[in-house]
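Here is the structure we will look at, set down as structure tokens.
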Amino acid sequence: MATPQPSSPAPQSQSQSQSHSRAQTLRDARRTEEEKMVRQMMENAGVAGMGRKKTVVERLNEKKRAKFVGEWAWLVAFFGWVFFVHASGIYFFTKGFLLTRLVLSEKSTCADSPLPVHSVFEGLGTPAGGCWHPKTFERAVVVVIDALRYDFTIPFANDSESGPALPFHNSLPFLYETAVKQPNNAFLLPFIADPPTTTLQRIKGLTTGTLPTFIDMGSNFAGDAIAEDNLLMQLKDAGRKIVHLGDDTWTALFPGYFEEGISRAYPSLNVWDLHTLDNGVNEHIMPLLGKERKGEWDLMIAHYLGVDHAGHRYGPNHPAMTAKLLQMDGVLREVVQSLDENTLLVVMGDHGMDSKGDHGGESDDEVQAALWMYSKKGVFGRTDPAFVTPPENAKIRPVQQIDLVPTLALLLGLPIPFNNLGKPIEEAFAGKKGDAWENLASVARMTAAGIKRYQAAYYTARGIDESTVDGTPHALWETAVAAFAGAGKQQMWKETYAAFSAFQVETLNICRGLWARFDVPSMLLGVGILAAGVLALILFANSNAEDGDAVDDPELHRKELQSEIDSFGNGENFKKDDETTSRSLVRGALMGALLGAVGGPTFFIALKPESIFDFVLGGCALSGIIGVLYQEMRRRMAFASPLPTTFWGWLALIFTVSQSIGFASNSYTIWEDSILLFFISTFGVAAAISSLRIEHVPDRTLGVYHSVLFVALGWVASFSKLCREEQMPYCRSTYYASSTSSTSAPWQLAIPFLIAMILPSIIKSYYQGSLSFDGFAPAWISWMFRGLLFWSAIFWTLDAADDAEWFSSYIPSGRLKVIRVLIAQSLFAIAVGVGCPAWLYAPPCVSISQTAAPSSPDAQMTNGAGTTVTIMGFANTHGTRYFLLVINFLLCLLLVQKPMGAGALSLMAWQILSLVEILDLNALTTSPIGPVVLALLGSFHFFKTGHQATLSSIQWESAFIPLYTITYPYSPVLVALNTFGAQILAVIALPLVVLWKQKPRKKALLKGAAAALAWHVAYYAVVGLATTMWAGHLRRHLMLYRIFSPKFMSAAFVLLIVDVVGVLFALVGVRVNTVGVAEVFGWG
């Protein structure tokens, strides 16, 4: 590698002098001194001419490069171990915390009823006549209208009291009208879903009759086949034929169940597509209902998704929702006309949707679906004449979704699935006059007996003594059995029915509590691993910061370099440094983990716990942490306090601890975005006050300016809000067009264009401040970055045009989708496929020029040829080159955000640049305050990009920005980039805290970056630890699964993502950047 000629800064003009402080001038003077030193050493190193000098320097640089790469590898290993510790802690806590349910393998059979059948009937005990109850219908058509909320189906009076009708009102009148006009043929009821309200979990509940467990919600992208007893399994065992049309989730859950050749499955997760799936179902459902094809199926499932997708894409208050509901109304009218008297029609929603059209949580709008059952032969009834009219809201006479399972099983003559916890729906068995109490008592008795049998089997499988379970309803069961034995009159049958129903309700509550049992030892193990991991991170950060404290003295540096060159010239070996912190700690972790892996099986055999995997994993994690702590204490010869010693260190600690303690309060968690804005503003004010103490006026002015700007940008970003339900009515959403919309307002489309015009110029100004807008920077920032930002703005404009059908008369909707996908794919390809490889080989953002030497010997530094070598941008070589990498990823993150989210991320990028200027001006580049504030920024802008710690705020449509359909692993990655884009940007930009305004041969940059990453990860680790502790402590809190559990899961995901991104991008970026600069300027 050729060593560059020594250089000196060019004389600055008067305007430049005004923009650069005296401190910068002093730094330039030190740089000049260092250049003198390098040239003198090179001149003194030669023995036999210039060729020998180059060889010595090259050999020295090679050795330093090898040393750097070795240190970097140990750092990667350490942070890889940190990821393992975090993943282990989260695994053990999650294993003990999230609801789990043992799946039993038992199945109900036609000949084995849980109790003797009450009355003998023809065909008893056979699928043809009815297994446990006389069969009412030969066939059934189940129409699932995804996200059919109950209030979509009832009439709305457009008067002054109730306000104006919304687009979803009165658009599906057929269900209500039929239930009122033909009460013996149809009934309409609220249909309450158990959270989480995602389609996959709802299908499980609708077919098995069991309650969901909270751990299921993470599998909504794909699910495993249902192995436990269910309705479809009973149909299949009875030789019935099942046809499925629509949502392909069914085929994933029930592989091999559906008739080949006539079943049609369509991709379900493309929420931008409102029509393809629905049109496909409509194309096939009517022919299958024809008389000539009735023998091809016994159960037909038609799952429509248009209503759900209209909600996700536009929200319920949009004309697209009106059109979809009107379409469903017409389809159902046509289906009813095609039915015969032996066919039952069931229409239902699997869940509802919130005011923005999303779902997944447990708010009223999300759990309140609709159920409508219809039969031409008229077998339904009401036990009270007032019940003929469907309830006016979902709080009146609701039925649980699990109640559909025993209802359908008995109506179709099938055994009730073994795991069922639901009860028969009253209207289906009350008789035309509503007085069939004996029949109601009979079906309630059979269902309750099945529940009792399942409960006993579950206790046995779990090894639970039934007598130790609080509230076991022995008395209710005995009362119901006695009432049934003595029943003979209508009133007594009514009481018997009420007694068995009370037993079912009580048992259901017991099962909810039973499955809410927590494995406290596993939870404590997870908390302990996370806590020890936090301690190890803090000790590492402190040690690495001390290791990286290099004395920045030109004369000392000159002598050190002179000694190294002289040694190399005389053939002496390169001196090895003492063992680094990362190397020592990784060795301790590996030794400890090895002992855990070896000793784990031994203790497993002795203690015989449930899982050897868990035992070995826990042993590796704990023993690895012990090894790290031992190595740290051995290096220091004593245990050093992890507490800070400076004001800024204490401020970082206060921010972290205050944030973590606050999560014990549900109100604090709900208003977390406002708390984060307060913390960010507090730092800005403290930085402004600190800047006032800077001695030199230009630096003082810049410090105050950037501090005020930092706070102002945070307040501007706070305008972007997506309110959660608990914040109402004290919050007004601005992220979308309205609080009931999922689309951007027309004025928001201007934001991406403003970003394209302004953001590159802002970045350019920061480069110009250090005279670094040279090299590849102009082409990269002013042309590529700005051009791709305009490309992104066009994408979102076309998306809005497609939503609002601006060009529907000229361009087909499908064509706009093709254009958008091509734009998105090309942007990703250029930013990642071209930008990142180009950055690998990009030179530093400096310009080098040679001019004739001035006559005065004091004016410039000259080389031997009598010319002056000028390097512009020398003082910020590392920072400006690294930020080009940040720009590449910023492009990708901006594309997957909606316009308001892109505006928030752009403000965050601006804040990051001001933050690193503040840190440089106040000499805080080695303080933990910078990494912690960056973490606060990431957490704050998580909310500003339209997210909350709730399932319903996930923007699933981001999975299809550059894709036509779900594609693994890209679709989940895109959702992660959209959801956690702010935290990802923060950790990618983290090295700038250390690299900004650093000269090329600055020592210990890698150690400084490692310390910064450790502080950054430590913040998220403390937050993750706190959320696990509070979720475990508040596990019986009313708001556990609405507030505390989603927050814990969000914090866990963020922690693991930051771990991964920190290694794959931040540390890798530091390595590539340092090597790239050193190839030009040499190694320090």
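Positions of Cβ are set from backbone N, Cα and C atoms, glycine also.
Taken verbatim from TrEMBL:
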type	residues	note
COMPBIAS	10-21	compositional bias 'Low complexity'
REGION	1-31	region 'Disordered'
TRANSMEM	72-93	transmembrane segment
TRANSMEM	522-541	transmembrane segment
TRANSMEM	585-605	transmembrane segment
TRANSMEM	612-630	transmembrane segment
TRANSMEM	650-668	transmembrane segment
TRANSMEM	675-692	transmembrane segment
TRANSMEM	744-763	transmembrane segment
TRANSMEM	775-798	transmembrane segment
TRANSMEM	818-842	transmembrane segment
TRANSMEM	973-996	transmembrane segment
TRANSMEM	1008-1031	transmembrane segment
TRANSMEM	1051-1070	transmembrane segment
| said: Can you see whether the transmembrane segment (650-668) and the transmembrane segment (522-541) are touching - at least 3 CB pairs under 8 angstroms, only pairs 6 or more apart in sequence? | reply: no
| task | Quickly jot the same-chain residues contacting the transmembrane segment (675-692) by Cβ under 8 Å, restricted to those at least six beyond its ends, or write none. | result | 651, 655, 658-659, 662, 668, 699-700, 702-704, 706-708, 710-711, 714-715, 718, 918, 921-922, 929, 933, 936-937, 939-940, 943
| Stretch contact, the transmembrane segment (72-93) with the transmembrane segment (612-630), Cβ-Cβ under 8 Å, 3+ pairs | yes
| said: So if I exclude everything within five residues of the ends of the transmembrane segment (1008-1031), which remaining residues of that chain have a CB under 8 angstroms from its CBs? That is, six or more out. | reply: 75, 78-79, 82, 86, 89-90, 93, 97, 523, 526-527, 530-531, 533-534, 537-538, 540-541, 544-545, 548, 582, 652, 656-657, 659-661, 663-664, 925-926, 928, 930-932, 934-936, 939, 983, 986-987, 990-991, 993-995, 1040, 1044-1045, 1047-1048, 1051-1052, 1054-1055, 1058-1059, 1062, 1066-1067, 1070
| field | Same-chain residue ranges lying at least 6 outside the transmembrane segment (775-798) that approach it to Cβ under 8 Å | value | 744, 749, 752-753, 755-757, 759-760, 763-764, 767, 816, 819-820, 823-824, 826-827, 830-831, 835, 838, 842-847, 873, 880, 884, 887, 891, 894-895, 898-899, 902, 961
| message | Same chain only, please: residues at least 6 beyond the ends of the transmembrane segment (973-996) with a C-beta under 8 Å from a C-beta of the stretch. Say none if there are none. | response | 876, 878-879, 882-883, 885-886, 889-890, 892-893, 896-897, 901, 904-905, 908-909, 912, 915-917, 919-920, 925-926, 930-931, 934-935, 937-942, 944-945, 947, 954-956, 958-963, 1005, 1008-1009, 1012-1013, 1016, 1020, 1053-1054, 1057-1058, 1061-1062, 1065-1066, 1069-1070, 1073
